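Enquirer: What follows is a single structure, and I will ask about it in a moment.
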There are 2 protein chains.
Amino acid sequence: MNYPKGSIKRSQSVQSPKASPKSPKQYGNRGMTLEKEIVESNSYYLESGKAVIHKKPTPIQVVQVDYPKRSAAVIKEAYYQRPSTTDFNGVYNGLYIDFEAKETKNKNSLPFSNIHEHQVNHMLQVEQQGGISFFIIRFTSRNETFLLPIRPFIEVWNQQFDGKRKSLSYTFIKESGYLIPFTFQAKVNYIDVIDRVYITGGDHDESK
Amino acid sequence: MNYPKGSIKRSQSVQSPKASPKSPKQYGNRGMTLEKEIVESNSYYLESGKAVIHKKPTPIQVVQVDYPKRSAAVIKEAYYQRPSTTDFNGVYNGLYIDFEAKETKNKNSLPFSNIHEHQVNHMLQVEQQGGISFFIIRFTSRNETFLLPIRPFIEVWNQQFDGKRKSLSYTFIKESGYLIPFTFQAKVNYIDVIDRVYITGGDHDESK
């Protein structure tokens, strides 16, 4: 597979119209690059009629609101809440798609501390309903992004409860997941992987 | 169809654990009763393994955040944003489900002013991808709740652009939609309608 190394990082983060100078820095900032590229890829999918997949808004608990006369309500006190599901969901070709994006600077593993148990439970529920659920995992230092389906993930995830595991290894993700190709129009072209893996039931080894 | 008139209104609004006394009143308050009952029905669907359908968080644009030491980030200035999609989505039996809930005190119509064009566009996109998209519409004064698929809806919706229509009539909704049964465990048991209409391809007239 031709994977244009180095080209992803360069073409990021300048473009998003949503990154206003007013926006405060957030503790979740680490994952923003991958997230932005997925949002952009989703825009391309939407505009080209290929898929309808959106990022869910961040849940915020509103405590106090002012209602100034003749202008919009101003939220004066609010708190970020932990999302109860995943970041992204939608429909592609009649299939329900549901996934979470994770990015790490580590070279050889993704710590489980990045992943919340309730999200994993949600992903299992989705799969039991016949939906397609997976992680998109980026190793920034390697400039590689993988689609890891919930099934292989869950086997390793469950090992942490015996104290055996605290992370997903790069090797495991590479072997059980699928490298997501970079394309000009969809920087994180995960629909391409869905086509090969879930629809045509593609050979796993081909994707490496 | 046995439809226990009067029983829905009485069993509302007391139960939701999210309705804290701190919560400010919102201009969107009119739709809260139906919304809460749908959220409760979704909880039942989730717990019984019947479907995985969630309400999306309200999108909020955050302008200013404080980061006090040793405690959670406090949002100090933020604004409600207009949702770009629908209120609810998820997966049932392998089907992508996407809908918007609307409630009116009017007896004979639902004004189009309650419905945003970008939501309608989203629902059409969903349908083109093979998803199932519909409105859940409640006439509170009649205590009747209908599921109205996007297809019959769109025909009347488009007539507004000729200046012909400004609302959906109750008669139209009753004829083109499906009465949603009230059940003890799912007060707005729309999955029952989906089973009849979309899965078994049920006879339309049967539902009235």
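Using N, Cα and C of the backbone, Cβ positions are placed for all residues, glycine too.
Unlike curated records, TrEMBL annotations are generated automatically.
Here TrEMBL flags B:1-31 as region 'Disordered'. As annotated by TrEMBL, compositional bias 'Polar residues' applies to B:9-18. The annotation Mg(2+) binding site is assigned in TrEMBL to B:THR85, B:ASP87, B:GLU100, B:GLN119. Among the features that TrEMBL reports, site 'Transition state stabilizer' is placed at B:LYS102.
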Enquirer: Which one, from the binding-site residues B:THR85, B:GLN119, has the smallest tally of other C-beta atoms lying within 10 Å of its C-beta?
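Expert: Among the binding-site residues B:THR85, B:GLN119, the sparsest Cβ neighbourhood within 10 Å belongs to B:GLN119.
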Enquirer: Would you mind reading off the Cα separation of B:ASP87 (Mg(2+) binding site) from B:LYS102 (site 'Transition state stabilizer'), to the nearest angstrom?
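Expert: Roughly 10 Å, rounded to the nearest whole number.
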Enquirer: Do you know offhand how many angstrom separate B:GLN119 (Mg(2+) binding site) and B:LYS102 (site 'Transition state stabilizer') by C-alpha?
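Expert: Given the Cα positions, B:GLN119 (Mg(2+) binding site) is 12 Å from B:LYS102 (site 'Transition state stabilizer').
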Enquirer: Short of 8 angstroms on C-beta distance to chain A, which of the listed recorded positions (B:THR85, B:ASP87, B:GLU100, B:LYS102, B:GLN119) are there?
Expert: B:THR85
Enquirer: Since the record lists B:ASP87, B:GLU100 as binding-site residues, which of them has the fewest other Cβ atoms within 10 Å of its Cβ?
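Expert: Counting other Cβ atoms within 10 Å of each of the binding-site residues B:ASP87, B:GLU100 gives the minimum at B:ASP87.
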Enquirer: Is B:GLN119 (Mg(2+) binding site) helix, strand or coil when read with DSSP?
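Expert: The three-state answer is helix.
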